[in-house]
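Record features (TrEMBL):
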type: DOMAIN; residues: 2-338; note: domain 'RecF/RecN/SMC N-terminal'
type: BINDING; residues: Gly30, Lys31, Asn32, Ala33, Gln34, Gly35, Lys36, Thr37; note: ATP binding site
Amino acid sequence: MYLKEITLQNFRNYKEERVCFHPKVNIITGKNAQGKTNLLESLYIMSLGKSFRTNRDTEMIGFGEEYCKVSSSSFKDGKNLDIEIVISKEGKQLKIDGLKTSKNIDLLENVYMVIFSPEDLKIVKDEPEKRRKFVDRELCQLKPVYYRNLSRYKKILQQRNSLLKQQDVREDILSVWNEELAEYGSKIILERKGFIEKLNLISKEISKGITNGKEELALFYESSIPCRETLAQQKEIFMTKLNSSLKNDLFRRNTSFGPHKDDIKICVKDIDIRHYGSQGQQRTAALSLKLAEIRLIQEETGEDPILLLDDVLSELDAERQNFLIHSLAEVQLFITTTEISDELRSNLPEGQTFSVEKGAVTNCNNL
Ligand SMILES: Nc1ncnc2c1ncn2[C@@H]1O[C@H](COP(=O)(O)OP(=O)(O)OP(=O)(O)O)[C@@H](O)[C@H]1O
C-alpha cells in the first residue's frame, strides 16, 4: 500500500494544505521549526488514530482554532482507502471510506506505519517504559484485540491503585479487581512473550547483516511474573503473586508488579547492552529493532508498512544509512531532514522532494 495524498486543516502550524506523495521515496526538507515533523505526525495518526509525540489529541489543533481535520487517500489492495479524522475539544470523529466510526481501534489493520526518530535511537538505553511502549504500539497495530486488552488492563490497574490509596480498603472490591487484572494482564504477558520471540529471530539476522556477521542481537522478555504456556496457567500464577504481595501493595498503595513493570533485555554476546554496550552497539540494536518491526509486519499481515524517518538519517553513519535505505526497497518512505546530502540523494531510488516553510509545502524536483 502507499499514501497518495493528505489534506490538512488547522493541523498544528498548517492552515490549509494538500500534498500528493510519491509511491516510493518522499523527502521533506526545511529549516528547523517549519512543520516537517508536524507533517509526519499528520500521516502517523492515520494508522493508530493518535500521535507519536503526545497523548493529548487537542495539542494537534492549530493555535486559536476550534478543530483540526486530516484526510488521507491511500492505495491499498487495488483500491482507494479514504480516512478522515476531525479533532475538536468535544472529541474525535473518524471516517473510513465515508463511514463514521467511533474508535481508534477501527483504524487498526487499515494503514500500517512505522516511525523511526532520534528518540528511537535511545530505545535501548532509556527506561523500560520506552521499550514497553515500542512493543505495545507494534502489537496494537498487529492485533486490535491486544489494543482492547491493554486499554482494559490500564483501566483496571488505575482502579485497583485508587482503591489501594483509600483509608479502608474493601477486600471484596479488591478481589474483583484482582481477578480482572490477572485475566487481562495474563493475556498481555502471553502476547508480548510471543511477539518478542519472533522479533528476536528477525533482529538477530538483521544485526548480523549490519555488522557483517560480527554481532548478533538477542532479546529476552523480562516479565515481573514468570511466564507460562497457557492463559489458565498464566492467570493462576498472576493470582498467586497478587495474593502474596497484597501486604506490600497495601503498604506502598500501588500495584508492584504486572505488565506495567516489564522490560525487554537486549544483549550482544551475553552482555546487556543497555548498561554495557557502546553507543555504536546501541544504535545498531535500535536500527535492527526498527527493521525487524517492518519485517514482522510484512510477515504477519502480508502488507508493506509505510516508514516515517523523522530526522534520523543524519544520526546514522554512512554504513548504517546505506543498510537502512537498501533494506527498504518495497516500502513507501517519508524522510524529514534539514539538508539532503548528494551521497544520500544518489543512494535513493525514485522519489520526490518537498520543501516546508512556515507550514506550507512546495514540491521540488524528482530524485
Ligand atoms: N498546535 C499548534 N498550532 C500551531 N503551531 C504549532 C502547534 N504545535 C506546534 N506548532 C509549531 O510547529 C512548529 C514546529 O514544527 P515541527 O515540529 O514540525 O518542526 P520541524 O520542521 O520538524 O523542525 P525541526 O527540524 O527543528 O525538528 C513550531 O514552530 C511550533 O511552534
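Using the three backbone atoms N, Cα and C, a Cβ is placed for every residue, glycine included.
Note: TrEMBL annotation is automatic and uncurated.
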From the centroid of the CB atoms of Gly30, Lys31, Asn32, Ala33, Gln34, Gly35, Lys36, Thr37, the recorded ATP site, which same-chain residues not already listed sit within 8 A by their CB, in sequence order? Asn38, Thr336, Thr338, Val356
Under 8 Å between C-beta atoms and at least six apart in sequence, can you list the same-chain neighbours of Lys36 (ATP binding site), or say none if there are none? Ile28, Thr29, Gly30, Asp310, Asp311, Thr336, Thr337, Val356
C-beta crowding around Gly30 (ATP binding site), within 10 angstroms: 21
Which entry in the list of binding-site residues, Asn32, Thr37, has its Cβ near the fewest other Cβ atoms, using 10 Å as the limit? Asn32
In sequence order, which same-chain residues at least six apart have a C-beta under 8 angstroms from Gly35 (ATP binding site)? Arg12, Asn13, Tyr14, Val356, Lys358, Gly359, Ala360, Val361
With an 8 Å cut-off on Cβ-Cβ distance and a minimum sequence separation of at least 6, pull the same-chain contacts of Lys31 (ATP binding site), or say none. Thr338, Glu357
Averaging the pLDDT values of the domain 'RecF/RecN/SMC N-terminal' (2-338) gives 93
Students should find that the Cβ of Gln34 (ATP binding site) has, within 10 Å, a number of other Cβ atoms equal to 21
